[in-house]
């Protein structure tokens with residue numbers, strides 16, 4: 001065996017990817033980076049605000065401070081605070097002498113409303129986890145495995161071609177068989193391409209993804225309506241008039257009709273309301289951007305993997321409307337690019353292919369690795385001329 005053939009064999013052996021068996025792809029990402037960020041913000045931020053509200057309530061004691069009459073004892077004053085906080089109703093006297101009441105319940109429900117918001121925002125995440133993740137995980141495992149195997153098959157094919165060329169005494173026979181194999185498409189393994197083509201006609205993943213992000217936008221809009229309708233009405237009201245003359249105390253003449261109370265937690269209420277609006281306003285464009293990603297193909301990833309035999313979705317113009325499961329899978333393949341060991345090799349070969357495409361007819365990784373192994377990707381011209389000379 002010559003030194004050149006030995007070097008070619010070592011080069012091809014090094015180009016083979018390691019066989020990954022056993023526990024595979026433990027770090028498979030089943031959420032896009034921006035989707036994960038939206039999840040942490042949409043769910044985690046209300047929980048943070050809820051803890052802030054509870055911390056303020058526990059640290060400062062009573063959330064209101066009522067100005068009881070001076071003749072009230074300490075226990076009576078504590079009863080006034082407790083009664084007014086339980087009712088949390090503002091009494092306002094109109095010109096006709098009648099009292100108009102306004103409930104201030106959003107102050108009392110603040111931490112619980114943040115908890116409810118976090119639970120509601122987690123519902124789209126649960127929908128994705130149970131409706132899409134099992135199928136998506138199966139698809140990604142199969143596609144990543146097949147992409148790497150297809151690359152390895154191409155390298156092994158080149159190794160086999162080099163061995164046949166070394167053993168062949170007549171170069172004409174070798175090149176005739178090679179051209180026949182290419183004409184009959186023996187080098188192609190169309191299983192993966194056909195599987196991906198079938199995914200263009202499937203819409204379960206993309207429907208779930210659209211529903212997830214649409215629900216997030218819907219719940220965000222509902223949050224705006226809730227804050228605007230209930231919180232804005234009591235946003236600036238720090239003091240309110242409370243009536244404790246109910247039940248057995250309704251006939252007590254020494255108890256005033258109204259007692260003024262002050263909400264000590266108003267600043268926390270305002271901070272929570274404003275920060276919720278601000279953060280969710282910043283989050284909405286990110287959700288819309290996630291939806292717009294479905295309107296275009298990731299052609300960069302596809303163009304690199306067109307170096308594999310029988311993976312010509314782009315060149316055959318097989319890509320139609322991008323709103324289908326294949327586009328969702330491509331987005332997640334891009335997010336899991338670290339699991340695609342063949343990507344780095346094909347990316348390098350794709351760059352080298354662009355620099356040599358004018359001199360050689362290179363279409364696939366088989367052609368390029370054949371060239372690197374010391375074989376011409378097509379029949380040499382001097383052999384072609386010999387055939388013409390023998391058969392004029």
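Note that Cβ sites are derived from N, Cα and C of the backbone, with glycine treated the same way.
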Range annotated transmembrane segment in TrEMBL (choices 37-55, 56-74) is 37-55
Looking at the ranges 9-28, 89-108, 109-128, which is given as transmembrane segment in TrEMBL? 109-128
So if I exclude everything within five residues of the ends of the transmembrane segment (209-227), which remaining residues of that chain have a CB under 8 angstroms from its CBs? That is, six or more out. 35, 38, 42, 113, 117, 120-121, 123-125, 127-128, 132, 273, 276-277, 280, 283-284, 287-288, 290-291, 294, 328
I need to check the long-range neighbours of the transmembrane segment (37-55): which residues 6 or more away from its ends have a CB within less than 8 Å of a CB in the stretch? 31, 110-112, 114-115, 117-118, 121-122, 125, 216, 220, 265, 268, 271-272, 275-276, 279-280, 283, 286-287, 290
Lying 6 or more residues past either end of the transmembrane segment (109-128) yet within Cβ distance under 8 Å of it, the residues of that chain are 31, 39, 42-44, 46-47, 49-50, 53-54, 57, 208-209, 211-213, 215-216, 219, 222-223, 226, 265, 268-269, 272, 276
